[in-house]
Amino acid sequence: MTEKLKQGIDQLGLKVAETIQQSMLAFLAFLQKWNQAYNLTAITEIKSMITHHLLDSLSILPYLKGDKILDVGSGAGFPGIPLAFACPEKKFTLIDSKAKKTAFLLQAASRFKITNVTIIQERVGSYQPGFYFDTITCRALGSVREIMEQTNHLLRSGGQWLIMKGTYPEKELRGTDASAIVHVLNVPGLKAERHLVEVKNNKG
């Protein structure tokens with residue numbers, strides 16, 4: 001499994017220390033254990049988790065900007081946890097409304113000493129941190145328009161949304177911000193289509 005992750009990271013053109021890669025794999029094992037009781041993810045095998053969770057999350061790393069990142073609907077921690085592992089200099093806030101998921105994330109952050117993450121259990125529309133984020137990430141949660149509307153109060157002017165999607169979200173992009181750019185994500189070992197919708201916040 002170590003080699004599978006290493007090769008995938010190399011194919012993505014990223015540089016992640018081997019110690020960090022080992023921590024990522026340990027996190028997956030921890031998730032697998034919790035998943036038996038709490039059903040946090042439909043993907044149960046470590047091999048598939050590497051592709052569908054770790055490498056998929058890391059594929060958006062080159063597009064990450066700023067130091068304050070909000071991961072919305074973080075669930076079992078994707079993409080937030082892998083990105084936090086890979087970018088210890090950035091501050092990540094992972095928000096989810098479900099208690100069992102934030103309980104897992106709190107335990108994982110403590111166990112693996114991920115000191116650059118803050119875990120919040122709350123609906124994102126009600127979240128008021130008292131500051132703005134530079135980037136808001138989201139995977140598999142609502143339409144592009146819905147995500148932007150629910151989180152607009154949290155993103156600084158000039159900041160960006162990075163919204164992960166499967167197939168090209170043509171219908172979702174109709175009527176959204178004209179500044180939207182769609183990137184094709186080539187995730188090593190993943191046959192399914194993956195796209196990243198990047199939208200800049202142009203509010204004054």
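Keep in mind that glycine also has a Cβ here, set from the backbone N, Cα and C atoms.
According to Swiss-Prot, the protein has these features:
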- Gly73, Phe78, Arg139: S-adenosyl-L-methionine binding site (BINDING)
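Take Gly73, Phe78, Arg139, the residues named in the record as contacts for S-adenosyl-L-methionine: the widest Cα to Cα gap among them comes to 9 Å. For the recorded site, Arg139 (S-adenosyl-L-methionine binding site), the DSSP three-state label reads strand. Of the chain residues outside the S-adenosyl-L-methionine site list Gly73, Phe78, Arg139, Asp71, Val72, Ser74, Gly75, Pro79, Gly80, Thr137, Cys138, Ala140, Leu141, Met164 have their Cβ within 8 Å of the site's Cβ mean position. Neighbour density for Phe78 (S-adenosyl-L-methionine binding site): within 10 A of its CB lie 25 other CB atoms from the protein chains shown. Under the three-state DSSP scheme, Gly73 (S-adenosyl-L-methionine binding site) falls in the coil class.
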